[in-house]
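Swiss-Prot annotations:
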| type | residues | note |
| --- | --- | --- |
| SIGNAL | 1-25 | signal peptide |
| DOMAIN | 68-259 | domain 'BURP' |
| CARBOHYD | Asn259 | N-linked glycosylation site |
Amino acid sequence: MEFAHLTVLSLFCLAFVGITATSSGEDYWQSIWPNTPLPKTFSDLLIPSGKTNSLPIKSEELKQYSTLFFEHDLHPGKNFILGNTNSVGSIIRPFTKSRQGVTDSIWLANKEKQSLEDFCYSPTAIAEHKHCVSSLKSMIDQVISHFGSTKIKAISSNFAPYQDQYVVEDVKKVGDNAVMCHRLNFEKVVFNCHQVRDTTAYVVSLVASDGTKTKALTVCHHDTRGMNPELLYEALEVTPGTVPVCHFIGNKAAAWVPNHTADNLCVM
Ligand SMILES: *[C@@H]1O[C@H](CO)[C@@H](O)[C@H](O)[C@H]1NC(C)=O
């Protein structure tokens, strides 16, 4: 009888170990943030390995990433037309030099010229911490260890396709020095998670010309010394290191910031 119990118990344990060993990234997410659905931005990380989408970021989405503006443009009533740096796709730069900021978006266009390894092992900019992650679990572990807390949240954009003209409805600051995780434009599902110093992230509520509402994750860089001078001049006629420069972030990237709601709940 005792023996039978033990056997049942050990079988149960074995089954349990089996489940955790094969548990998906989604289960891991739920075990840490049980009440928070997995953001759509990370859904590519759930694609079974070996099955990938060949061009995860479509060319029309590039415009979302390649719109530069000033921080003082972030106010209700301001009009935006996406894509004021049209040459973003034509400026191909090797990842050999460490640069910051708008070069985040250059990798989008580099698929044909550079390998994933070129990108992931390229030098990081000063004070930039860069990690290429290829599973949801490694992204979660990475950001939790960065913040030293699970009281964090991911914020992303939900741009509608083929809408290029928007009016700002509302601007909310989400935090400084967020960790940005960008889906890289390679077949293999890899996100680059990095923190760039001297940045402020906002969520900007936009209304498209057809009435569609969008929330756009926006990052403003206060230190623009490492930015691409051609891009800055083309879009805003400024030179690196002079004024803060902001850009929208397309749907395939997210900002990780402290979740202050969680803190408030603990106080209550
Ligand atoms: C933030 O924390 C609160 C409280 O734990 C939780 O209910 C909420 O889902 C979290 N938000 C996000 C986006 O993770």
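Cβ atoms are placed via backbone N, Cα and C, with glycine included.
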Which of the three DSSP-derived classes (helix, strand, coil) applies to the residue listed as 'N-linked glycosylation site'? coil
Give the mean pLDDT for the domain 'BURP' (68-259) on the 0 to 100 scale. 82
